[in-house]
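A.B. asks: Quick one: structure below, then a few questions.
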Amino acid sequence: MEKLTRNVCTFCTALLRRTELQVIVERKEALKESGYKMEGRLAFLDLLLDMVQSGQMDETDVQAEVDTFMFEGHDTTSTGLMWAIHLIGNHPEIQRKIQAELDEVMGDEEDVTTEHLARLKYLECVLKEALRLFPSVPIIMRELSEDQVIGGVSVPEGVTLLLNLLLVHRDPAQWKDPELFDPDRFLPENSVGRKPFAFVPFSAGSRNCIGQRFALIEEKVIMAHILRHFNVTAMERVHEVRPKMEIIVRPVSPVHIKITRRRPIVSP
Ligand code: HEM
């Protein structure tokens with residue numbers, strides 16, 4: 001089984017590398033054909049290729065950056081969505097509230113627009129609350145650049161600190177009934193006076209998550225599509241599924257979801 005997992009992993013990495021290379025090569029060709037005309041705000045890959053063109057980066061650097069984005073941006077959002085669905089599937093009353101908001105905001109429209117996204121406020125609270133309980137990246141590390149006193153303990157420069165975001169998010173000093181899944185905590189009126197570092201699923205400071213806005217949009221769009229058309233029911237209770245602290249917070253045991261149709265999908 002271990003060998004099979006290793007082989008699948010090697011295959012997927014190779015496939016990803018090939019896809020990345022293909023994306024980079026195709027874009028480069030297109031830019032070459034246009035005579036490297038790049039104006040206004042550049043898309044991320046164009047910006048990198050522009051830097052290659054001006055000698056500030058080489059192609060290996062570009063691939064490393066594309067790699068980071070593809071890895072950081074994939075597992076994090078998919079795991080965040082998995083926990084969100086597990087939590088929603090355990091709380092039918094919260095699911096009904098999300099669906100009522102979706103029906104009100106989207107009516108019969110199939111595509112999620114930027115205007116819809118701005119109005120899906122309750123859904124956003126739900127996704128944030130899921131990230132509070134299960135932050136996709138549960139632990140981050142920082143090396144102290146100067147001596148610090150933390151909680152009365154002197155910690156010298158150079159020490160690497162492990163910051164456990166999952167515990168920060170469940171600190172009873174900051175959150176009432178921290179184990180409770182309660183999206184209303186994130187309503188503006190309930191967020192007044194909350195410490196800025198009580199909720200940091202995307203880290204904080206100069207090396208925080210560059211994709212955080214994109215991640216929330218992506219999660220909102222996917223959840224909107226799922227919950228408009230389907231009801232989800234969790235087969236395991238929340239306390240039965242323990243989180244495993246790896247680079248990404250995964251469930252120790254599999255999570256099963258029953259899906260039933262709520263309304264038909266209308267083809268465009
Ligand atoms: C729910 C989704 C996501 C979560 C919870 C998340 C969380 C984080 C966290 C906690 C960090 C800081 C890591 C550290 O300090 O060691 C980080 C960094 C980063 N994230 Fe995300 N992320 C998410 C989605 C994304 C997406 C969609 C992208 C790209 C499209 C992305 C790109 C990055 C990059 C490039 C960094 C490194 C930034 C730097 O070092 O300056 N992330 N993310």
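Any Cβ shown, glycine's included, is placed from N, Cα and C.
Okay, so TrEMBL annotates it like this:
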type	residues	note
BINDING	C209	heme binding site
A.B. asks: Using a 10 Å cut-off, grab the number of neighbouring Cβ atoms around the Cβ of the residue listed as 'heme binding site', all chains included.
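C.D. replies: If we count other Cβ atoms within 10 Å of the residue listed as 'heme binding site', we arrive at 18.
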A.B. asks: Using DSSP, would you call the residue listed as 'heme binding site' helix, strand or coil?
C.D. replies: coil
